[in-house]
Amino acid sequence: MQLILCLLLYPSVTLLFAVFIELLISLCDEFLTNTNREISNERIRSDATVEIKPCLSSRLAMEKDGSRFFAVVIDAGSTGTRIHIFEFSHGISENASHFYIKNGTMKEIKPGLSSYAAKPEDAIDGIKILLNLARNTIPQNLWKYTPITLKATAGLRLLQDHQANALLNQVKTFIVGSGFFYGDDSIGIISGTDEGIFSWFTINMLSGQMGNFKETSEDDCENSVYKSSMTGKNQFSAATLDLGGGSTQITFLPTDLYETFVNVDRELFSHKLDIFGNLLNLYTHSYLGNGLVASRLGTIQRSPLSTKNLLVTSCLPEKLLVKDRDYTGLHWSIKGSSSYSFKNCLLSVMEYISFTEVKKAYELNKHKIYVTGYFYDRGMEAKLAVESINGSGGISSVDGFKKAAVEACSRTTREIARSYWRPWECFDLTYIYGLLKYGYGLDDKKEIHLVKRLKGIETSWALDASYHLLHSYHQNIFSSRESLENMNAFVFLSSWEAG
């Protein structure tokens, strides 16, 4: 009642109150869930400089029980959907704005979202399973403070816009109602560029390959500035190669910019990365359609042996017939050939690699190389390295994939086990060897590190994405609070002056 009388007696206060309410509504619209906004769709590449910051807001020290917090990243890949639940902590007493990863939980369901292109409504069952895992892992009182994002990769990039958007809109409803913090751009298609950069940062951070970064002070952290010199330190950063189902990414920090970019379009193969205040020029590129699964049909469809109704390949034994489907859900029958051999399979692979214009990157031979995704899966299945308990993988070589491919391509139909991937073993190993050797230009004897986890954390782009997610969340939350606090003070002061 007193508020109503005040508004009636003092028109100026009424105006200020109206302005305050309007601002409050605007802030809520900006930082809380907006279910009507169109889904972001960054399919090709992001041109903006990627900025990686080592800290959140220094006001974290004011938060009660704020030393434990989470982020949820759902990686909607081409062959499966994976949820990553990251737990972080920061010091309450000192340097609270620094945050550190404590634990990571991952679960995968198959098939990928793109498999439901014909019936998008069927995609939600798997998402429910993943969200239930997040709810059971994260304390309920922290749900509303936990940002969540779902980013699709090559599987949806290969679909038509209306198909991809239909799928994303289906899962959006359940993520919005999950109880976790949902932002306007929480759901979309991650660009191949960001996918490669995020993976590069994740692996270099977990493997300790980032070079010597020295923190100056907490004030500098507040301004997101870390002082270090990358000059002469480039050799300490590793190159990363990831092979997904629909695309493959290559990322490294060149030691010789001219030599590295002289034979490629620099705008398409370089990207600026601001890491802890250091502006780096990365060599990075995502080849859409050169993922392992996409390349199977891509290669075989170009074979002169294939017809409209039946695909024929030299990478399968003559009497073997397999079924496969593409990312639009179309089914294909694929038959082996009498020309089945490693040599002929490699020729078809090399033709496809040339057709898709995979560029040589000879400087890779100077870097320590970590390979993930299907590089790891097929390498471990071929026993190129001893499987470790924690999934950290092992060391092999480019030539190791060649030897495994030669052996796989010598197996008969009867020798091929009845598993999903075994009929494709000849092609898969040959394609990986061809991509490394004739695509990227690696030497046969070049060592490669096959990794799935480092320090118990999955080596995917999701970890670095969670850093960006947390930073954006805390910046928005504290900015909105400060705006509200400033407006409250303004209204109070104006009311006092009017009285």
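From the backbone N, Cα and C atoms, a Cβ is placed for every residue, glycine too.
Unlike curated entries, TrEMBL annotations are predicted automatically.
Listed in TrEMBL for this protein:
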type     : residues                     : note
ACT_SITE : E195                         : active site, proton acceptor
BINDING  : G245, G246, S247, T248, Q249 : ATP binding site
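G245 (ATP binding site) sits 14 Å from E195 (active site, proton acceptor), taking the CA atoms of both as reference points. Contacts of E195 (active site, proton acceptor) defined by a Cβ separation under 8 A and a same-chain sequence distance of 6+ are given as T153, D242, S247, Q249, S286, W461, in order along the sequence. Each of S78, T153, A154, G192, D242, L243, G244, S286, Y287, L288, N290, G291, L292, A294, G373 belongs to the same chain as G245, G246, S247, T248, Q249, is absent from that list, and has a C-beta within 8 angstroms of the C-beta centroid marking the ATP site.
DSSP classifies G246 (ATP binding site) as coil under the three-state reduction. Of the listed binding-site residues G245, G246, the Cβ environment within 10 Å is emptiest of other Cβ atoms at G245.
Here the binding-site residues are S247, T248; the one with the fewest Cβ atoms within 10 Å of its Cβ is S247. Over all protein chains present, the Cβ of Q249 (ATP binding site) has 29 other Cβ atoms lying within 10 Å.
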